[in-house]
Amino acid sequence: MALGNVLGFAVGAYDGWFRVLPFTLTRACGVACANLKAAFLLGVVLLGITTLLSVTAASEIPWDPAKKSGKHSSGDEGGEQEDEEDEDEGESEALFWELTGALRNLPRPMWYILLVTALTWTAWFPFLLFDTDWMGREVYRGEPGSSDPLVSKRYYNGVHTGALGLMLNSVVLGLSSLAIEFSCRKLGPSYVWGLANMIMAASFAATALITAAAEETAIVDDGPPRSVIISSLAIFAILGVPLAVTYSVPYALTATFTEKVGGGQGLSMGVLNLAVVIPQVVVSLGSGSWDELFGGGNLPAFLLGAAAALFGGIAAVLTLPKPIPELRGGPKLRRSRSSPIP
């Protein structure tokens, strides 16, 4: 994921695609539009290649309920098809009730994991949605629809710089991923997750300071001073550390915990994804109105994300199940599978 992000954001940071693919530059589509069009075309080509690979790399045997149950060996095809449809409908209904039952019977530690996950993603989504727009508007003080070409150019320069920041973020994400297991063994996953959320909260709060600094300084070479740009890129890079934690620790905790209590890991992962999707819907629908309530811009959503990250970090340290012995390592701490869990 980190490598793909690095390459993808590098495409967005490069502003010369209109020269590589000159047909993208037309009278109705200027340089900025041509670069965006070229990036989309590259995405289409890569998606086509990877989709072709995924459907041809391995053969799959379609699931046949008749063969699985040993039924319908001599029945007619019409009866078999009707029975299969009834069985599929029954299984879909069973899956729904299984999911409902899983939510109703979740143990308290799993609810805490869901709570911290929801708070963490409530903090992440404002930044993930509006990070490059923040660079274009608040840091570079541009506007995409401005009649002044210089103001419009500043916005797109900010977006390109934001793509560079996201590439740096992905590099740090990849390097940090290599240290996740070591950190969890030393500190415990709940403390690693809590520390990551604190870093998020501080970084999102720092965007307000950078915005204030950009507003108080003069425009230099179609952008803010170099110190403001470097500070902004540093925020992008630092956020790669908590993003690596967000991509791994919640799922590791869920899998480890459900294994110890005898639950189904697949179903637990599905429930955990609900704690990711619901915040995404809430932020996507409400962030615009929230920003307008405080005068527009992206800072209100970022500061809301900082508050969510702060509460998520506190909740991670205080409520999450502490490291299971196997996570800490060492022969003295290991238990047999038959040993009771305290």
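Keep in mind that glycine also has a Cβ here, set from the backbone N, Cα and C atoms.
What TrEMBL lists as transmembrane segment is 38-58, 111-130, 159-180, 192-213, 233-254, 266-287, 299-320. Annotated region 'Disordered' per TrEMBL: 65-91, in sequence order. Under the heading compositional bias 'Acidic residues', TrEMBL lists 77-91.
Within the chain carrying the transmembrane segment (233-254), a Cβ under 8 angstroms from the stretch's Cβ atoms is held by residues 1-2, 110, 113, 116-117, 120-121, 124, 127, 131, 161-162, 164-166, 168-177, 180, 184, 189-190, 192-193, 196-197, 199-200, 203, 206-207, 210, 265, 268-269, 272, 309, 320-321, all 6 or more beyond its ends. Within the chain carrying the transmembrane segment (159-180), a Cβ under 8 angstroms from the stretch's Cβ atoms is held by residues 1-3, 5-6, 9-10, 12-13, 15, 131-136, 139-140, 192, 223, 229, 232-233, 235-241, 243-245, 247-249, all 6 or more beyond its ends.
Using a cut-off of 8 Å between Cβ atoms, the transmembrane segment (299-320) and the transmembrane segment (111-130) share at least three residue pairs, counting only pairs 6 or more apart in sequence.
Panel annotation: around the transmembrane segment (111-130), residues 193, 197, 200-201, 204, 239, 243, 246, 250, 253-254, 257, 271-272, 274-276, 278-280, 282-284, 287, 298, 301-302, 304-309, 311-312, 315-316, 319-321 of the same chain, lying at least six beyond its termini, place a Cβ under 8 Å from a Cβ of the stretch. Packing against the transmembrane segment (38-58) from elsewhere in the chain are residues 8, 11-12, 17-18, 20-21, 24: each is 6 or more residues past its ends and has a CB under 8 Å from a CB in it.
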